[in-house]
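Visitor: To start, I am sharing the structure in question, which I have written as structure tokens.
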Amino acid sequence: MSTNTDATTGIPAQRNGGNDEPRKPVKEQRFADGGGVLNVFSHGFLALWAVLIIGPLIWIILGSFKNNAEIGDSAWSWPSHWGFDAFTRAWNKGIGDFFVSTVIVLAGSLTLTMLLGSMAAYVLARYEFRGNRVIYYFFVAGAMFPVYLALVPLFFMMKNLGTVIPWLGLNQYAGLILVYTAYSLPFTVFFLHSFFRSLPSAVHEAAMIDGCSHTRAFFQVMVPMAKSGLISVFIFNVLGQWNQYLLPLTLMQQQSSSDPDRSMLAQGLMNLAQQSGYASDFPGLFAGMTIAMLPVLVVYLSFQRQVQAGLTSATLK
Amino acid sequence: MRHRKTPFIFGFLVVPVALYILLVIWPYLQTFGYSLTDWSGASSEMNFIGLDNYTKLFQDSAFLGALQHNLLLLIVLPLATILLALFFAFMLNVGGKSGTGGVQGVRGSAFYKVVFFFPQVLSVAILSVLFQGVYRTDKGGLLNGVLIALGIVDEQHPWDFASNPTFGLWCIMGVIVWSGVGFYLVLFSAAMQSIPKDIYEAAMLDGAKRGTTFFKITLPLLWESIQTAWVYLAIAAMDAFALVSTMTPGAYYGGGPDHHSEIMATLLMRNFITFGKAGYACAMGVVIFFITLVLSVVSLRVTRREKIEF
């Protein structure tokens with residue numbers, strides 16, 4: 001177990017990092033062995049990385065209170081006056097509209113994702129029928145491949161769909177809602193599948209004996225029991241869809257000059273960053289970024305336990 | 001009861017499966033078909049040209065360069081991210097002062113985890129804007145500011161980071177590692193906490209030091225998590241589109257200067273949207289698809305002890 005595995009870890013630089021000193025003779029010392037030094041050492045490194053994470057974020061939020069001259073002059077300049085005019089500018093230049101568009105799409109896509117995802121996951125997890133495994137692996141395989149492989153055909157499919165059903169085409173909320181839902185299904189089904197499996201079947205059986213229908217057993221017995229799993233995957237989908245960039249970039253372009261700009265927040269922010277008009281308004285750009293970041297920060301801090309569990313549990317299964 | 005079950009199963013599955021097939025599976029499959037045509041994307045006109053796109057692809061120096069860059073990402077990203085995440089996870093869980101109660105995690109480990117994990121929930125758009133500020137090529141950039149303050153960089157000649165032909169791609173990798181370490185830290189940390197404490201205590205009683213326990217106990221028991229992390233990072237390394245396309249110079253979807261930070265995804269989008277070579281772009285998509293597939297299969301075979309739930 002020991003030597004062979006060591007050789008395959010590929011961490012030669014750390015291997016002998018002070019591990020092989022001769023043993024201390026006094027038994028009591030073994031417990032505290034290197035503890036104090038290591039403790040200081042670990043706090044040092046951990047604090048350094050924490051600064052590396054928080055530093056740039058605070059610096060950029062500070063930047064939204066500076067003016068252009070201050071931003072360009074030095075990285076260490078301090079805002080000369082504290083005001084929210086950069087935030088107002090960013091909001092009026094489109095961030096406000098993008099914000100509203102994103103909320104509209106997410107309201108639809110999250111509802112659909114959770115409803116369809118939990119229905120599919122439940123049936124696949126709790127019912128035996130021919131083709132069960134095939135459909136399950138079918139869903140899970142979709143999570144393995146990068147989205148942009150499907151972009152070219154997806155773009156034309158939505159374009160053609162738009163000529164038949166106008167409200168489902170490119171640059172339409174309903175179209176994007178369906179696409180978001182479809183691309184969120186693999187992970188949602190995968191996650192909830194294992195969750196529904198882990199639930200005890202006794203309650204369900206009791207309900208069935210009492211004459212409950214399958215549909216009613218799902219909505220009134222299984223869904224309430226699966227609440228914690230549903231919350232985790234819901235938060236995961238909120239973050240994933242809120243931050244989605246590639247799909248709206250391809251599907252939510254203005255189709256003509258009269259077509260309203262329905263950019264999603266991440267996409268709109270990136271557009272603003274690249275527009276020449278914004279090149280001279282860094283405070284506005286930084287303020288826009290702060291606005292886009294705030295809801296994520298709030299969701300994350302309120303639910304960080306579920307977020308961490310939700311995002312990592314898939315890999316630990 | 002049996003005859004009531006079938007309509008129920010069907011009713012619950014039909015909408016999700018239909019939506020999934022129409023919008024996810026079908027486009028993936030179509031990519032294969034289009035890759036065998038000279039379709040421009042603008043018209044409905046297309047001719048079957050067999051494998052011409054693929055032979056052209058492997059003579060295209062821009063594509064071969066992009067492929068090399070992706071392979072570089074494939075090696076550097078998992079290695080750097082996993083090493084840092086393991087290091088921090090070890091520091092968090094075993095780095096604390098030890099008393100009679102045995103080994104403890106450092107104080108404030110919950111705080112560190114919250115902070116480290118945060119970049120993972122940020123959109124690439126936010127990462128891009130953030131690091132465009134950090135990597136700014138004048139003295140107003142955060143990194144240049146720090147380096148000037150440390151006296152490493154001359155104020156008159158600030159570094160050009162992401163626009164530099166040699167270091168541009170490394171700057172992008174820095175962003176990906178920065179944002180990814182926290183996720184894998186939490187992953188490894190959870191796995192470490194599932195290792196029973198008495199194993200460590202027994203080892204320490206036998207005279208093992210912390211460093212030794214890490215390499216002889218923690219690492220072997222974490223091996224499966226590490227392999228899973230490797231698969232995830234490898235798939236992420238095949239992507240990296242958003243950051244490269246917005247942070248590196250180049251008129252359409254970045255990749256510059258002069259293809260020095262080009263990756264397959266940016267080349268694909270440029271051929272599709274800008275050059276109107278949809279068929280050619282699809283051929284690139286298929287190549288990426290197969291590389292991802294091979295990577296996943298190889299990794300899953302290596303981890304075949306696990307119950308594969310993918």
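Heads up, the Cβ atoms here are built off N, Cα and C, so glycines get one too.
Copying in the features that TrEMBL gives for the protein in this structure:
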- A:18-27: compositional bias 'Basic and acidic residues' (COMPBIAS)
- A:99-303: domain 'ABC transmembrane type-1' (DOMAIN)
- A:1-27: region 'Disordered' (REGION)
- A:37-62: transmembrane segment (TRANSMEM)
- A:98-122: transmembrane segment (TRANSMEM)
- A:134-156: transmembrane segment (TRANSMEM)
- A:176-196: transmembrane segment (TRANSMEM)
- A:217-239: transmembrane segment (TRANSMEM)
- A:282-303: transmembrane segment (TRANSMEM)
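Give me the local environment of each listed feature.
Guide: Outside the transmembrane segment (A:37-62) by six or more residues, the chain places 75, 78-79, 286, 289-290, 293 with a CB less than 8 A from a CB of the stretch.
Here the transmembrane segment (A:176-196) has Cβ contacts under 8 Å with residues 105-106, 108-109, 112-114, 116-118, 120-122, 124-126, 136, 139-143, 147, 154, 158, 168, 222, 226, 229-230, 232-233, 236-237, 240-241, 244, 247-248, 251-252, 264, 310, 313-314, 317 of the same chain, all six or more residues outside its ends.
For the transmembrane segment (A:217-239), the residues of the chain that approach it from at least six positions outside its boundaries are 106, 110, 113-114, 117-119, 122, 126, 184, 187-188, 191-192, 195-196, 199, 203-204, 207-208, 296, 299-300, 303, 306-307, 309-311, 313, judged by C-beta separation under 8 angstroms.
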Visitor: What residues elsewhere in the chain lie close to the transmembrane segment (A:98-122), defined as a C-beta under 8 angstroms and at least 6 residues from its ends?
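Guide: Same-chain contacts beyond the flanks: 91, 135, 139, 173-174, 176-178, 180-181, 184-185, 188-193, 195-196, 218, 222-223, 226, 230, 233-234, 237-238, 241-242, 262-265, 267-269, 291.
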